[in-house]
Amino acid sequence: MNLARSGRWKSVCGEALLVAAAYLCLNWFTPEVARWSNGLAALWPCNAVLLAYMLVRPRREWFLASALVFLVCIGVSLYSGRPAVVSLAFATANLIESATAALLLQNVLRARPDLERPRDLFVFVLVCVLAVTLSGSIAALALMTRGEPFGASWLAWFSADALGLLIVVPLLLIGGRAVRSGVKLSGRRRVDAALSLSLVLVISAFVFLQSARPVAFLVSPAVLLATFRMRGVGAVFAMLIVITVGAIGGALGTGPLAFAGETISTKLTLVQLFLVTTFLTSLPVAAVLGERDRFGRKLQESEAQFRAVVDVVNDVIFRTDVHGRWTFLNPAWERLTGYMVEQSLGTSFLSPVLAADRADFLKRLEGLKLGLFDSVDYQFRFYTAAGEERWAEARVHRLEGAEGELVGSAGILTDISDRIALAAHLDEARQRAERDAEAALLLASTDELTGVASRRAFLAYFEEQLAEARKAGTPLSLAVFDIDHFKRVNDRHGHAVGDEVLKRVAAIATACVRERDLIGRLGGEEFAILMPQASIVQAGSAAERLRGACASADVEIPVTVSVGVASASTGSTIASLLKDADVALYRAKAEGRNCLRIAA
């Protein structure tokens, strides 16, 4: 364990020394011609080295490298003639810039940033801007002690450091990852990469190593080409080539800057604009392309897993000529379609396909013929020899000759009829389950005998309407009624007749109330009517209509009802309102039945 710790400590020390050495070299050898009059570089790559180190190492290993870089920065500043206060402020600003960016990136992304992802790249740019804004303010305040204007100093620092972080950190992270992992390219892709980067090199040399023609606009297409061909790796290496050749041209006094006027400020502004343009035409595009590639790979992986299951089936293996005629079919063709292989060879591959599916199939295959892509998948319907309609999936690959010309196609046909039928069956089962669930819900909320709301459903609606009445300040009334002498009806005529009486009274009550009112059976022969937005007077009128309709019904076994009505007030609850209505109901029964009483 001690040996492991000792070995790791040595590794940390070595890495910290390497970071400090790189910082020293970049700080020392930044060309003086690329500096502002106040000593600020047009592009400051030093802090990017420390930030890149912090992003790939745990926080516990930051201290040593940060301390060494801090000392190096102070030493170089003092050696270059800056006052001690300014040197200390610059070193502090540089350290704060790198540490702030690293901490923000780790806290926001919760992982090492992958600059080939659009979200990570966007966060990286935003964090760099925030970190450089902070460090630039510190440096500009220090320069004010020398009489330098705050605004100009801050802008010089911001533009140089922001460009340094935005350009150099991706170079170190993406390029370093590519070098460590080893970019494995096939022969064709290796040649493609070499040609793309060679084109960037040639165009960069043509742009920056001559002063006869201002052709800087040629750089962006070359960088974009490398980005499209190699994604993030191509973008960073293309940027590295452009910056390197541009630096050589700047040292030689050639390139687009020869047309930029006499002042160093004008030239450096154009350099920074050019670098920003290079950044915007490479890394964001690479990030979007990389995201698309990752999404495509996920789709391919999912498809590959699905194909692995399908491949255990006896699929049809086929080949066609350039005119789309079968030239080879394995015996699975006969099992799939019922047609003999000998009879099918030489016929068009479209012959069994339903006419409704042919046009779209041909449209997809047209791109295959033109060489726009190497393969195509398509699902279609076909008729078997017995006249049965079935589903198949074709995976067609383009076949090319020695010169790259189309010579035909090959692929497999898979019977997916069972899968299509299963999908239809599952959809039907889902719809049936939804219908059953709706029926069960209706059954649970309805009294089975009378068809009015069950006690549970009525109380749930009661709770909802009481809360709404409190919130809106609207009235809410309740009528409770039961059938007078209902026990006599059951005793004299039987429960079957009693059930019919209950259903008749429920139907009369339904006809006497509004659509928004809810009738519920509380138990036995006791019912309740909840009347939202109804005053006690309105509720009493409705209850009286119910009582009168029951009393005047022309039926073989007439019955009457007694009704108690109550209205909600401030502080009313379901229990209190039911109690008030019950008290009024009992008073109606005590005073002779077949009458209505209002709760006091």
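Using N, Cα and C of the backbone, Cβ positions are placed for all residues, glycine too.
Listed features, source TrEMBL:
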type     : residues : note
DOMAIN   : 302-375  : domain 'PAS'
DOMAIN   : 376-428  : domain 'PAC'
DOMAIN   : 474-600  : domain 'GGDEF'
TRANSMEM : 62-79    : transmembrane segment
TRANSMEM : 85-109   : transmembrane segment
TRANSMEM : 121-143  : transmembrane segment
TRANSMEM : 155-179  : transmembrane segment
TRANSMEM : 191-209  : transmembrane segment
TRANSMEM : 237-259  : transmembrane segment
TRANSMEM : 271-290  : transmembrane segment
Positions whose Cβ lies under 8 angstroms from the transmembrane segment (85-109), at least six residues beyond its ends: 46-47, 50-51, 54-55, 59, 62, 66, 69-70, 73-74, 77-78, 120, 123-124, 127-128, 130-132, 134-136, 138-139, 141-143, 145-146, 157, 161, 165
Cβ-based contact of the transmembrane segment (191-209) with the transmembrane segment (155-179), 3 or more pairs under 8 Å: no
DSSP helix/strand/coil residue counts for the domain 'GGDEF' (474-600): 59 helix, 31 strand, 37 coil
Overall pLDDT of the domain 'PAS' (302-375), taken as the mean: 79
Residue counts (helix, strand, coil, in that order) that DSSP gives for the domain 'PAS' (302-375): 35 helix, 14 strand, 25 coil
Secondary structure composition of the domain 'PAC' (376-428) [DSSP: H/G/I, E/B, coil]: 12 helix, 30 strand, 11 coil
